[in-house]
């Protein structure tokens, strides 16, 4: 980089220059016109207004890639020349011829061989446009890449200053408001070249944020692990102390066991001697047992073979037994069903036999009575004959007296006799028919009675079943109701408990908030010190335009405190009106050393007024954070919108994720009520204790720590009261729930009972319904019997009618007979006797007929019942045969079971024999092992206690306090009763005056007392292991955090290194440019001063920073650019352009009437500066001021005739040397002309 004016004496540098331009039908140029050639340093384009001077620059920009609209036209085809003499042209073309040169002395230069190239662009009538490099068709990118490679700044167009734009350079904003804008800071950084660090810095910052977010999560996990570890520390210490005391107890126990074991070793020696003797005997016995062993081996081989067969037999028998058990169960069910059928058949058969016997008895009685009745009838007939004879004798004696009546009597008697006989016969037939009908109808009547009884029982059973079903429904409904009530109580209890937990959480939060108030107040005092100083300066009139801290200028509901405190980082910024207000505030803080502050400039947020006033629809109805803030002054809304943007507030992280990662890209930034933030980039932050208190709560009024504390205490009392009420509500819900559960338990017990009773009634009804079909069949009369009953009924009815007729006639004849039978008492007596005899005869005849009919009917019934009994007998025999078959199956099963039991018994005998052999084999070995076993057990017990002591596993001591003391006293007593103690040398060496049993007694007493103390303790022995796990987890978390911290520090160093490189490079270039600006401005203004000043010198690239361009015109005070005149603004802009050219030269500059606002003096100064100090670049300047273009090395004249622009290039130096021409030679071209082009 060059920080000073290049010297002509320096070695020449290779640079690009435009040799000439060829315009064909472009805008005002008709035909092919050559503009140039241009001078290597300073060329001026002159011509009257409207001649087409600016079209030269437009042609150059057209080739450099500008669109038609950027050239003040709507379409490319409008760039084609169109005049009265040149209409409907199809093509416009502009060609710019470049070459690279090395500067020589004066106007001379050397063209780099092979460096010439042409860049052309065409515009066609169909609005197509094409680029060409050396006649080869290329793309726009190829052209721009070529020119950029040659050093032409096409990004910021620093080489170009159009008409009226010179003043805008100095009027640029101090910093760009968005990415699409360019401020003075970005303009200078692009020239300095440190903008190459912007993307790496952003990427490094993104990585740093990701790692920092990951580290914050690790910090939270480390704190959680440390909290868990600290929570277990006391329990682990208690368990450790418990184990230490237990270890001491086990040591005492081991010592006692060890001492006692030493005594046992003495006895063990004697036992070993005895064992040696037994071993000798055993050897002798082994010699004797060799034969037994051979026999045993053979027996074992035989036993093994038999055992395999036996096991196989047992397995087969077990499978067969299972099959037999299944068959036996099936057979038992069959026997049970057959017995039930047999019992019914037997009962029916017994009933039929009983009825048969009754009928047979009646038949025999009838048959037995018949002879007697016949004999009686004969006697009665004899008596009747005798009585009638006596009566005839008497009548004969009275013949004279009653002669007159004899004929009449005889006639009546003759008439009466047949009627009496007929009546007797009819009565007998009626009696027989009725008897036979009764016998036939009796069975039907009895069956109907049974059917009626069963029907009534069936109805009762169904009614009871229905009643129980209804009861079941009622119980189920009641059960459902109770369950619903229980569910309601549970929900109520859960809701109450949830509300109670929520209130408890609120209590914890409020308590924590109260505790944090003083800390927050202390933390805010540093910031309030800066604010007090700024506001004090404002009240003294030293500063103006300061509104205050942004977070204090609005208020928000408590619900959104964490959300706004987390999501809005600019709440601590100081809001000012303008950039100059911020600059003055920065200077004031610098002078007073009051501290640092970040400023938010309100005038720079004017473009946010409209979006801040819009009402937009948000996903899922989530509110914008900006809309939730209460702002006193509407003017400040755009500042809060700048800080908040379209950040949404979600209820939880799940809803926030749905919105942030959804389709609507406007709402990528979402914060939850708990302070969890999803940034525009998609990264999440938060999760620990959320930030609060960075904005006023409630109304936008000033807040204070004391007010917040009182409010927190009042809120604490209110929430505590709510907690008490919720506790009562939980208790009431629990009581109601327990009552409902008790009722539910009773109902759940009653319901199965009711179901069982209903099933029993339903089963009874089903059984009765099954019996109904049989009973209904029994009520049906046989077809023959029904026909017979019908016939008898008709016959009896007919005979009854005849009987009534006969009785009426007989009655009449009888009356006549009575009148005719007069003859005295004796005669009447005889007549009465005769009548009685006749009546008796009639009754006897009727009885005989009745008995005969009954016997005949009973005979028929007997035959029928015999047939039924025969059938039942066959069924019974069939059932008995089936039962016998089942019995045979059962017997076979029993036989198989007996065989299995026999196999089992044989197996037992074999096992007993084998066991006896094994016992005999082991008996001798046990004798030798018995004495050594006790010593081994003692040694094993000692080793076991040593292992317990080493591992300290927390086993329970095997004695209680009383049992330990009792054992100690028993040992003491045993020691006192021992007459000849045998002290052990090793013990007496350590305890020469203490007996072994006394020593053991002391050990056991101490151990027992320790055990009693341990029993009072109740430590959590698992706490040690848990504590170790938590320690390991804490160490692992710390290691992870250390690694994350190292990675964070590494990325932070990389980020800081990039920022430092950017800052150092920028500050170096900035200082060089600023210094050169001062020099240039002082030079062209003859004593003025200019300065580039950073708004924030510590961080030039912050949001509130930027670059302020201030100048002090000659003999005037320091002024802001906006307050300068047009000429002063032009000089300021040109000073900056020339300073930047000195810092980073551009090979080409094209300027359009930059001297329009300058006076005569300043035009001359600028012209001379360009001529003398800018030899290292090519300047093409359009000017109408002679003070400017007269200084140019080459003049390009622009003029228009016939509505077509033409050009002429003049070398002023050579033109000045030409002598005046003669008058006749004036039409010839003067020697000073290099080129004349005309239409």
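Every residue, even glycine, has its Cβ placed from backbone N, Cα and C.
TrEMBL tags one of the stretches 652-680, 681-709, 710-738 as region 'Disordered', and that stretch is 681-709. Which of 948-985, 986-1023, 1024-1061 counts as coiled coil depends on TrEMBL, and there it is 1024-1061. Among the residue ranges 173-207, 208-242, 523-557, the one that TrEMBL annotates as coiled coil is 208-242. Residues 683-685, 687-688, 954, 1014, 1017, 1019-1021, 1023-1024, 1026-1027, 1030-1031, 1033-1034, 1037-1038, 1040-1041, 1044-1045, 1047-1048, 1051-1052, 1055 of the same chain lie 6 or more positions beyond the ends of the coiled coil (208-242) yet place their CB under 8 Å from a CB of it. Across the range of the domain 'SMC hinge' (544-660), the DSSP-based residue counts are 68 helix, 19 strand, 30 coil.
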